Amino acid sequence: MFLAKAILEGADRGLGGALGGLLGGGGQARAGGGNIGGILGGIVNFISEAAAAQYTPEPPPQQQHFTVVEASESEEVRRFRQQFTQLAGPDMEVGATDLMNILNKVLSKHKELKTEGFSLDTCRSIVSVMDSDTTGKLGFEEFKYLWNNIKKWQCVFKQYDSDHSGSLGSSQLHGAMQAAGFQLNEQLYLMIVRRYADEDGGMDFNNFISCLVRLDAMFRAFKALDRDRDGLIQVSIREWLQLTMYS
C-alpha cells in the first residue's frame with residue numbers, strides 16, 4: 001500500500017504531485033459528420049444558449065434505471081433524453097466518435113471560440129475520465145453531467161477571453177481556473193500550462209475543456225477515496241493503476 005496525500009483546495013503540494021501524472025488529453029481537429037446531423041441539431045440547442053455561471057465540482061453522476069428517473073424529469077431533460085436515446089442506440093451509451101461529432105457540431109455554432117474542434121483522441125480521453133462504470137462509453141447520466149459542465153466552462157472561457165483571441169493567456173487563465181471552481185497552487189498551475197498551453201502560454205477552448213474535465217475527474221476520484229474526509233487517501237498498487245491507466 002502507499003499513501004497519496006492531498007488537500008482538495010489545491011494548497012498542498014501533494015495534490016500537484018498526485019495529479020501531475022494524471023493530466024492528459026488535448027489534441028487538434030477532426031471534423032464531425034455522418035448521418036446524425038438532425039439528432040445533433042436537437043441536442044446542440046441545449047448548450048448554445050447557456051447562461052454565464054460559475055462552476056463548482058459536483059458529486060459523480062449516479063447510474064439509475066430509466067424508469068426510476070423519468071417520472072421526476074423536467075420537460076427539457078425529457079427532450080434531451082429522447083435525443084440521447086436516438087443517438088445512443090440499443091446500448092444507451094455514446095462512445096468517443098459520437099462525442100466528437102456532438103462537440104464539434106456545437107463548436108461550429110460558436111465561431112467566436114476560434115477553435116478547430118476536438119480530435120478523436122481528445123474525446124477518447126474525455127470518455128475515459130468520465131466513464132464511471134468502465135464500459136468505454138458514456139451513459140445518459142454521465143453524458144448529461146459532462147454536457148452541463150461544458151456549458152458552464154464555455155461561459156467561463158468566453159468571459160475571460162476578453163480580447164476575443166480564442167485563447168486564454170497566462171493572466172486570463174488564472175482567473176478562468178478560479179471561476180471554474182478550481183483553486184490551484186502555483187506548482188500545479190504551471191504543470192497545467194506546460195501540458196495544455198501552446199508555446200506562447202495560451203490555451204485554446206478544446207484544451208481548456210480537456211484540462212477541466214480531467215481536473216474535475218481527479219478531484220471527484222480523490223473525494224470518493226477520502227472516505228473519512230481527512231485529506232488523506234490510501235490505495236493499493238492495483239487501485240492506483242486502475243485509476244491512472246484508464247484515465
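Glycine residues also receive a Cβ, built from the backbone N, Cα and C atoms like all the rest.
Here Swiss-Prot flags A88, D91, E93 as Ca(2+) 1 binding site. According to Swiss-Prot, the domain 'EF-hand 1' annotation covers 118-151. The annotation Ca(2+) 2 binding site is assigned in Swiss-Prot to D131, D133, T135, K137, E142. What Swiss-Prot records for 148-183 is domain 'EF-hand 2'. Taken from Swiss-Prot, the feature Ca(2+) 3 binding site covers D161, D163, S165. The feature domain 'EF-hand 3' is assigned by Swiss-Prot to 184-212, with a curator's inference given as support. The Ca(2+) 4 binding site annotation in Swiss-Prot covers D204. Positions annotated as domain 'EF-hand 4' by Swiss-Prot, on the basis of sequence analysis: 213-247.
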Compared by Cα position, which of the binding-site residues D133, K137, E142, D163, D204 is the closest one to D91 (Ca(2+) 1 binding site)?
K137
Among all protein chains shown, how many Cβ atoms are found within 10 Å of the Cβ of D161 (Ca(2+) 3 binding site), not counting that one?
21
When you average the Cβ positions of D161, D163, S165 for the Ca(2+) 3 site, which other residues in that chain have a Cβ within 8 Å of that mean position?
S162, H164, G166, S167, L168, G169, Q172
DSSP three-state call for D133 (Ca(2+) 2 binding site): helix, strand or coil?
coil
Given the binding-site residues A88, D131, D133, state which is nearest to D163 (Ca(2+) 3 binding site) when distance is taken between Cα atoms.
D131
Including all protein chains displayed, how many Cβ atoms other than that of S165 (Ca(2+) 3 binding site) lie within 10 Å of its Cβ?
12
